[in-house]
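Noted in TrEMBL for the protein shown:
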{"type": "COMPBIAS", "residues": "7-22", "note": "compositional bias 'Basic and acidic residues'"}
{"type": "COMPBIAS", "residues": "186-204", "note": "compositional bias 'Polar residues'"}
{"type": "DOMAIN", "residues": "27-289", "note": "domain 'Era-type G'"}
{"type": "REGION", "residues": "1-22", "note": "region 'Disordered'"}
{"type": "REGION", "residues": "35-42", "note": "region 'G1'"}
{"type": "REGION", "residues": "61-65", "note": "region 'G2'"}
{"type": "REGION", "residues": "82-85", "note": "region 'G3'"}
{"type": "REGION", "residues": "151-154", "note": "region 'G4'"}
{"type": "REGION", "residues": "186-254", "note": "region 'Disordered'"}
């Protein structure tokens, strides 16, 4: 089971500063998860960690800053870099986002050994091409191995569309090999494809990696949610010698996908489907190197940051449109109660009286729902009883 986060700021700081309890032959992998806003990056990070430490909401820009999650498994440490969605200055201005939201994803890329590009296949407006921001990011760091993760496949009724999406997003090339699409199902638009999909590579790769996600694990794959390749696939980083060429702005203008992905994964992060397959793959890609954190560390965030983020997640969830982006938070009380429970009192400051009424809701329904759900999430993070009280004020 993943460790809980310390409720005390000083204790969490000590944990982070603690020298890592290095195993004999430590391995490490830093994984940056990038994608358009709302692709499900934080949901996937939480599923990989096994505990919810990153805020999740249907609204864009729930993740406001880069935060790290730490997975320690036997002799291997995965550091998950959860980043804000890649956005542009115009959209950042509209959502009143600070400068860091534009620079943080790029910053995370600089530290990454592997990058996961997450695409929401349930969004039919965006699923057939990578956003310009994502392509730009990949082209700036062509030496970092990248993996394509198609998320929310459970929502897609017509599973055969996954073949088309995968081909578009990879420009028909994965791991340096041309994809040959062989579908086990009839290409008939009404079929909701129950049988798995097959993508084979035109020529078999030189080296085979045992336990590759499309090798031994394909029997366990959820029907229709795994992309099978007829051959085992090379592990990330094996084709680095020749490396993808640098793409200039001109090339990017005509590109819909990225032809240098090493793997494709299909999953439903919300339900955890196939997340274990991805996690095993990431553990296999780790390289020898010292751990950065003690094995008791789950995240580099302070307990207060986690609390703020989770409360803001609920505010985003239950308030309409742009209203929640103007809510400021102030923690008034953070202390241990008489029975060992954590007592948190927080004030939510809003710019207008009308926003205050919306946030409180009729008969206090909205604010009490936010407090109840956020309190429950915080109990799961800290593994202790939490009493959360929220006050709303016009600032």
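Quick reminder: no glycine exception, Cβ is built from N, Cα and C everywhere.
For the region 'G4' (151-154), the list of distant contacts is 39-40, 44, 118-122, 162, 224-225, 266-271, 273: same-chain residues at least six beyond its ends, Cβ to Cβ under 8 Å. Helix, strand and coil residue tallies for the region 'Disordered' (1-22), in that order: 9 helix, 0 strand, 13 coil [DSSP]. Per DSSP, the region 'G4' (151-154) is made up of 0 helix, 1 strand, 3 coil. Residues of the region 'G1' (35-42) grouped by DSSP class, helix first, strand second and coil last, total 2 helix, 1 strand, 5 coil.
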